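Quick look at what TrEMBL annotates:
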TRANSMEM  34-55  transmembrane segment
TRANSMEM  234-254  transmembrane segment
TRANSMEM  261-279  transmembrane segment
TRANSMEM  317-338  transmembrane segment
TRANSMEM  359-382  transmembrane segment
TRANSMEM  454-481  transmembrane segment
TRANSMEM  602-625  transmembrane segment
TRANSMEM  637-664  transmembrane segment
Amino acid sequence: MEMEEKNPDPKYGESRKFDPNFKGPIHNRGCTDILCCILFILALLGYFAVGIIAWSQGDPRKVIYPTDSRGQFCGQAGTPLEKKPLLFYFNILKCASPLVLLEFQCPTTQLCVESCPNRHLTLIKAKVGNKDDQEYYKKYCKEGVDFTGLVKILKEGLCPAMLMPSKAFTRRCLPALATLKGGVVVVGNETTFDDGNSGTVNASDVLEASKKSNIAVEARQVAMRIFEDYTHSWHWILLGLVIAMVVSLIFIVLLRFLAGIMVWIMIILVILVIGYGIFHCYMEFASLKGEPGADVTIRDLGLQTDFSVYLQIRQTWLAFMIILAIVEFIIILLLIFLRKRIMIAIALIKEASRAVGHVMSSLFYPLLTFALLAVVIAYWAITAVFLSTSNEQVYKVFNTSVCPFSRETCNPKTFNSSNASLVCPDAECLFAFYGGETLYHKYLILFQFYNVFLFFWCANFVTALGQVTLSGAFASYYWAFKKPEDIPAYPIFSSLGRALRYHTGSLAFGSLILSLVQVIRVLLEYLDHKLKGAQNKFAKFLLSCLKCCFWCLEKCIKFLNRNAYIMIAIYGKNFCTAARDAFFLLMRNIIRVAVLDKVTDFLLFLGKLLIVGIVGIFSFFFFSGRIKAVEQAAPSLNYYWVPILTVVVGSYLIAHGFFSVYAMCVDTLFLCFCEDLERNDGSSERPYFMSPELHDILSKSKPVEEDPDAKMLTDIFDILYEYWIFPPMELVHIQ
């Protein structure tokens with residue numbers, strides 16, 4: 001016997017009435033949320049204006065090239081310093097932290113050089129030495145130096161007092177530090193050396209001045225090794241992503257014809273793939289038993305730049321095995337509890353497969369979404385780089401003795417004739433950092449914030465456009481009484497045209513709400529980063545609560561927006577009305593939402609997990625050289641996990657792109673099904689638009705009043721409705 005879910009409470013709205021003229025997405029529609037459309041266009045124009053200003057003011061060379069004391073770029077093509085790519089510090093001991101080195105704020109003269117010094121030499125020894133020593137030393141002095149006046153050279157800072165063996169790192173010459181057995185620190189195999197001022201310097205002092213850069217040095221080394229791995233394996237990574245795309249496409253095609261069988265195969269294979277992962281981790285864990293150093297804990301090992309070291313200890317494989325076992329247990333537990341609902345979800349997936357089969361162009365629409373998102377991300381990244389490099393050169397007074405003008409802003413062109421030069425004879429006007437005091441520089445942080453906010457707004461708008469386009473196409477399929485005769489010739493293009501022509505404002509409205517929440521989450525993460533060193537536990541607790549609340553709010557808004565866009569695609573109403581109608585429709589069918597729509601999403605997630613697992617396992621065996629047949633073809637890598645992780649992440653994004661079409665199709669068909677049940681009663685005059693098989697399965701759900709689980713879910717949504725999500729809807733009805 002057929003049973004319809006009905007809720008007598010009028011706050012969920014009235015059920016849809018029968019309309020003999022309704023045949024799917026309404027073609028006679030008008031523009032919605034025009035004010036939001038105008039606001040979005042103005043915001044985009046402002047975004048373009050910010051980009052133009054940033055591109056005119058910024059200079060990305062500041063990120064690429066190091067800068068000497070006069071603000072010139074070392075190694076820049078087409079300049080006199082083209083053949084001098086490295087930055088040399090006259091007195092590296094004055095540079096106490098990595099920030100000093102990387103932000104050009106070291107209080108010593110900086111010079112662009114061809115190569116770093118490779119031996120220890122003082123100015124005095126160079127002066128009294130042979131001509132070769134003097135020529136070698138002049139490479140690290142300012143231009144036009146004459147070795148006849150030693151006092152003048154030191155007083156005016158024309159040359160460094162000494163040279164020490166150095167190595168190039170991030171285009172900067174840093175001391176060639178090393179540690180011998182017993183912990184003895186050396187620089188160029190020397191523990192002490194002459195500082196050029198009748199004194200000696202210990203190598204440990206140099207280490208102390210540079211030790212804060214060790215983390216940055218190690219990080220840079222890791223980054224360079226990762227980059228090197230990408231250059232050696234990029235073609236294999238590309239091949240792995242192509243395989244992931246082919247596997248995803250084959251999976252989607254098989255779902256079209258063998259939905260029921262493929263779902264069960266997918267469930268079994270996911271369990272087997274994760275089970276094999278557990279078995280492999282156990283075998284690695286067991287094989288390391290008794291090996292020297294294998295029982296060291298991860299905590300004792302600490303942070304290592306060679307990540308393969310972690311794979312040589314048993315605790316790593318034990319952790320992997322426990323994580324996979326927990327995932328396996330959760331999936332099996334969910335399948336046991338949802339076993340009765342899986343057949344219902346399979347019926348909906350079958351109908352979605354038919355819909356995708358009739359609208360095959362929907363499988364390629366994610367490519368357009370990816371392209372638009374790539375444009376948005378590229379524009380944001382380029383604008384952010386130009387904004388961050390649009391500061392001017394700031395020069396400050398640096399000195400070795402007490403000086404009242406210390407660290408004040410100065411002009412290098414007029415410094416020698418200024419009062420500061422007279423009061424402080426040993427002071428120098430050196431390039432300090434990039435900044436500025438103009439009106440543009442004062443509001444530069446606002447431009448950065450605007451860039452981030454518009455990035456979220458545009459990215460969410462592109463996503464919303466894709467959802468409306470797909471839902472409009474699949475709604476055209478559902479409400480076509482004779483399939484495929486009544487389906488429009490080009491459903492994707494028709495739906496895309498309607499969305500852009502009539503509903504740009506509504507899409508901008510929904511995207512704006514979501515973007516505001518996301519920006520707040522970014523600000524909370526920024527505050528959390530700033531307060532990491534704070535000891536106030538209450539502040540940390542409050543911040544954690546806020547982060548959790550806004551995370552939940554973002555998920556709720558995404559869910560409501562998604563269903564609102566489906567209603568916009570069907571009825572052409574504005575965002576608020578569509579969101580209200582979608583929410584009420586879901587509330588009148590809450591049990592189906594909980595146990596049907598979400599079960600289908602879970603099954604589709606298993607499909608993505610299966611594709612990622614298959615491609616990930618094969619990439620692991622290939623890049624780790626464990627397949628003997630192709631062992632010679634595998635590239636030699638520093639970290640074989642780099643291409644594996646890239647392939648896994650890329651495979652998930654590709655699978656998500658294909659399965660997102662199915663997910664949108666399922667959500668659209670589900671809402672259309674709920675509308676269909678309310679509009680029609682199945683009589684000959686008022687037939688159902690859904691397939692008989694789908695109607696027979698889906699319409700047998702218990703009413704809300706007879707299902708305790710559904711009643712509990714309804715009570716929860718009642719609380720959200722009264723106090724959070726839709727409090728103004730009872731007062732304001734936008735028609």
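Using the three backbone atoms N, Cα and C, a Cβ is placed for every residue, glycine included.
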Per Cβ pairs under 8 Å, the stretch of 34-55, 234-254, 359-382 packing most closely against the transmembrane segment (637-664): 234-254
Feature contact check the transmembrane segment (234-254) with the transmembrane segment (602-625), CB under 8 Å, 3 or more pairs: yes
Beyond the flanks of the transmembrane segment (261-279) by 6 or more, those residues with Cβ under 8 Å of it: 251, 254-255, 320-321, 324-325, 327-328, 331-332, 335, 342, 345-346, 349, 603, 606-607, 609-610, 613-614, 617
Winner by Cβ pairs under 8 Å against the transmembrane segment (34-55), considering only 317-338, 359-382, 454-481: 454-481
Within-chain partners of the transmembrane segment (234-254) [C-beta distance under 8 Å, separation at least 6 from its ends]: 262, 356, 363, 607, 610-612, 614-615, 618-619, 622-623, 634-635, 643, 646-647, 650-651, 654-655, 657-659, 662
